[in-house]
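Report on one structure; see the data block that follows.
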Amino acid sequence: MWPNITAAPFLLTGFPGLEAAHHWISIPFFAVYVCILLGNGMLLYLIKHDHSLHEPMYYFLTMLAGTDLMVTLTTMPTVMGILWVNHREISSVGCFLQAYFIHSLSVVESGSLLAMAYDCFIAIRNPLRYASILTNTRVIALGVGVFLRGFVSILPVILRLFSFSYCKSHVITRAFCLHQEIMRLACADITFNRLYPVILISLTIFLDCLIILFSYILILNTVIGIASGEERAKALNTCISHISCVLIFYVTVMGLTFIYRFGKNVPEVVHIIMSYIYFLFPPLMNPVIYSIKTKQIQYGIIRLLSKHRFSS
């Protein structure tokens, strides 16, 4: 089906020039890996088993935590394989699939944050109709739409990777596969693969960011009009966790995009560090932010710990 696909594996790299320190570098990476798994896993478990959290806001948070887990489980096994045992080889199919999931899940994460912004918008701008607007059916439809958009939109460029031949090199300057890294190694016309991602990012991630920004302008306008200071603070507190997660995700996305597109003279180590920050920082911080800033999550954790304490 894919006559031009190479049988040779790709070679991943960790931190070029720091190979001797890979075992030491693996310590903080493994610690972050475990924290991401525990933090997001705890959120998923808590929301599933605590019926007081069975609300649209927490369903969307489940989408975010699930996406963060999938991103981490997609990228970190190859990272740790290199740092621990210097396992650099990855099959071409495995590499393409890893790139597919990484990029798809980035679009899904942006869509999840957009859905959460919609939840905040309805909760503050139209609280009396909140339950009638965000029904379970609509929440499911939004969730399915977010995942379909992410996993379908990235398919065209990934499918083209299967038909390219790779005669330049098989070395990828990351510990995981990214579309832009694979694309550069192809001995073929990659014009479509250069242009499509720019259009896709503009119509998904950047457009999502603009819609979220506009929604918060309207939310702020509503909050300013609330007479009671206590009610104003309560309204703002409803969305403060989401605002923090939005800032972390989109600042890292824009930083990585800016460096990739315009940072030709930026040292390669900066590109590498930014890619790790992009894939690790949001999944690490999102559960921390929601655990600290959201009282319902805090109460849920306390109830969960108390339940296990008394049961033991």
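Keep in mind that glycine also has a Cβ here, set from the backbone N, Cα and C atoms.
This prediction places the mean pLDDT of the topological domain 'Extracellular' (1-23) at 75. Look at Swiss-Prot and you will find 1-23 (among others) tagged as topological domain 'Extracellular'.
Summarising the annotation, Swiss-Prot assigns N-linked glycosylation site to Asn4.
Per Swiss-Prot, the feature transmembrane segment maps to 24-44 (among others).
The topological domain 'Cytoplasmic' annotation in Swiss-Prot covers 45-52 (among others), and the record cites sequence analysis as its basis. Away from its own ends, the topological domain 'Cytoplasmic' (45-52) comes close to residues 58-59, 61-62, 65, 296-297, 299-301, 303-304 of its chain (Cβ-Cβ under 8 Å, at least six residues beyond either end).
If one looks beyond the transmembrane segment (53-73) by at least 6 residues along the same chain, the residues whose Cβ comes under 8 Å of a Cβ in the stretch are 33, 36-37, 40-41, 43-44, 46-47, 101-102, 105-106, 108-109, 112-113, 115-116, 119, 123, 134, 139, 142-143, 146, 245, 279-280, 282-283, 286-287, 290, 296-297, 300. As annotated by Swiss-Prot, transmembrane segment applies to 53-73 (among others).
For 74-97 (among others), the entry in Swiss-Prot reads topological domain 'Extracellular', with the evidence type sequence analysis.
According to Swiss-Prot, the disulfide bond annotation covers Cys95-Cys187, on the basis of sequence analysis. Secondary structure from DSSP puts Cys95 (disulfide bond) in a helix. Long-range neighbours of Cys95 (disulfide bond) (same chain, six or more residues apart, CB within less than 8 Å of its CB): Pro9, Phe10, Ile172, Cys177, Ile182.
The feature transmembrane segment is assigned by Swiss-Prot to 98-118 (among others), with sequence analysis given as support.
The annotation topological domain 'Cytoplasmic' is assigned in Swiss-Prot to 119-137 (among others).
Residues annotated as transmembrane segment in Swiss-Prot, with sequence analysis given as evidence: 138-158 (among others). Sequence-distant contacts of the transmembrane segment (138-158), counting only residues of its own chain at least 6 positions beyond either end whose CB sits under 8 Å from a CB of the stretch, comprise 56, 59-60, 63, 96, 99-100, 103-108, 111-112, 114-115, 118, 179, 183, 192-193, 196-197, 200, 204.
Among the features that Swiss-Prot reports, topological domain 'Extracellular' is placed at 159-194 (among others), with the record citing sequence analysis. With a cut-off of 8 Å between Cβ atoms, the residues of this chain six or more beyond the topological domain 'Extracellular' (159-194) that come close are 2-6, 8-14, 16, 74-75, 78-79, 82-83, 90, 92-96, 98-99, 102-103, 260, 268, 271-272, 275, 279.
If you look up Swiss-Prot, you'll see 195-215 (among others) marked as transmembrane segment, on the strength of sequence analysis.
Sequence-distant contacts of the topological domain 'Cytoplasmic' (216-235) (same chain, six or more residues past either end, CB-CB distance under 8 Å): 117, 120-121, 124-125, 243. The topological domain 'Cytoplasmic' annotation in Swiss-Prot covers 216-235 (among others) and is backed by sequence analysis.
Listed as Cβ neighbours of the transmembrane segment (236-256) (distance under 8 Å, sequence separation of 6 or more from its ends, same chain) are residues 64, 106, 109-110, 113, 116-117, 120, 123-124, 205, 209, 212, 216, 219, 223, 274-275, 277-278, 281-282, 285-286, 289-290, 293-294. Summarising the annotation, Swiss-Prot assigns transmembrane segment to 236-256 (among others) and lists sequence analysis as the type of evidence.
Swiss-Prot lists 257-271 (among others) with the feature topological domain 'Extracellular', giving sequence analysis as the kind of evidence. Taking H, G and I as helix, E and B as strand and the rest as coil, DSSP gives the topological domain 'Extracellular' (257-271) the counts 10 helix, 0 strand, 5 coil.
Residues 15-16, 32, 35-36, 39-40, 42-43, 61, 64-65, 68-69, 71-72, 75, 102, 109, 173-174, 176, 178, 241, 244-245, 248-249, 252-253, 255-256, 259, 298, 301 of the same chain lie 6+ residues outside the transmembrane segment (272-292) yet bring a C-beta within less than 8 angstroms of a C-beta in it. Sequence annotations record features per position, and here Swiss-Prot assigns transmembrane segment to 272-292 (among others) based on sequence analysis.
All chains included, 12 other C-beta atoms sit within 10 angstroms of the C-beta of Cys187 (disulfide bond).
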